[in-house]
């Protein structure tokens, strides 16, 4: 009996030891790729959960904050050795390298270094894949990436094993390669890996050398990792037909300038012209788009027909080409109205709708969806059709806290869709669209925006706010509503709100008087 108990205790001890070792390995992973500070051995459960959520977001996984099976499997996959979170990103919250990490020249040279001790990757393989990657990247911007025989080319690619001198970053068994930002430009390929000479990785264990080289060249050009699995800058070499996404192209052009192309210019002009026509002829919208007045900074206390969204514990208010931030209790104006491009670089305007989806902000402009984390776009813009909505634009979007976690709904006309949380909000639920009259028959006609306050949906029509009461069996308008939007603005002087509220009351009084006169006569 004693022997049996002794054996059980030994097994339990080994299992606990194995579990601790696994956790240590996963902590080292998070430290290696920038999610945790190296050397921090006293981690709180909250900081570890936050690090896991950030890692999961960059890996395209559900952000559980837990070391679940899918997360562990992703950590075990071959990947690039470059950190996912740079030091400058920790301080600035940016997802891409800042502009100083780029080449200033229009002609960027590269060289292929003799492999030396390599037994798997030949110099010809490196030259061929570098030429292919350089040609592809060069097509995206006003820059030429060319092989050169000069003594010190700007980029240098070589292959090596665990300790590859003079690099101080050691390869491990799961690292395919790593590279360094300008003006270092070094690209190192792990010679221990058996690479396939294909254009993309077709299956696990057959990593494409070209895919890896194209990715590492992106780092050598100044770009960080992207959470978009379709992007060339996705950190994990997953079997897929990767491509240069719209965000990859946008970043390349923003760093190195766009190529002058008559065809592209004509196409862009045609798109702009069509967009102008679309916006001018939309008569079924619930709000009027301003044109000449867009350049005038709006009065935050007298705004009309804005788009309001709750994001990161505060409210964003969009109006034409402007945006400002308000505290979650509506009492403080955090920043006054600034151009949208100043707060969200690259975001077009005016916007149609906005909603928080997980940790991201989704902004709808025409048929495009811009996904923002912090104040920067995290991947290429989506189209409405990408998530299963075949419309040219949407009217409004909101989070509904009737569910836990909150559900995300998108409206257009008399139909609405729900994002499918099982698909990580990448598609709408296949049971939709549905008619708004099914559950929302009491919503007033002509609403143009929606936001969440005190976990209840608030709908905007003009300057009127309708609070929907989800605690009742029938979703109707809460008692005491509608109210003027300005009644929420605790940051405005009292006389500003009085003027606006009295204007609304005055209009209601006139309307009531006319109604009474009609009934009398």
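Backbone N, Cα and C atoms are what each Cβ position is placed from, and that goes for glycine too.
Because the structure is a prediction, the values reported are computed rather than measured.
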What range among 219-258, 259-298, 299-338 does Swiss-Prot record as region 'Disordered'?
259-298
Need one residue: from 80, 492, the one Swiss-Prot lists with 215, 219, 225 for Zn(2+).
80
Record feature N-linked glycosylation site (Swiss-Prot), assigned residue among 469, 501:
469
Write down the Cα-Cα distance for residue 469 (N-linked glycosylation site) and residue 199 (N-linked glycosylation site), rounded and given in Å.
55
Reported mean pLDDT - the motif 'Cysteine switch' (78-85):
93
Spatial neighbours of residue 216 (active site) that are distant in sequence (at least 6 apart) but have CB under 8 A:
80, 82, 157, 177, 178, 179, 187, 189
Neighbour count (Cβ, 10 Å) for residue 469 (N-linked glycosylation site):
15
What does the DSSP secondary structure composition of the repeat 'Hemopexin 2' (391-443) look like, as residue counts for helix, strand and coil?
3 helix, 19 strand, 31 coil
Of the residues in the motif 'Cysteine switch' (78-85), how many are helix, strand and coil by DSSP?
0 helix, 2 strand, 6 coil
Using DSSP and collapsing to three states, where does residue 199 (N-linked glycosylation site) fall: helix, strand or coil?
coil
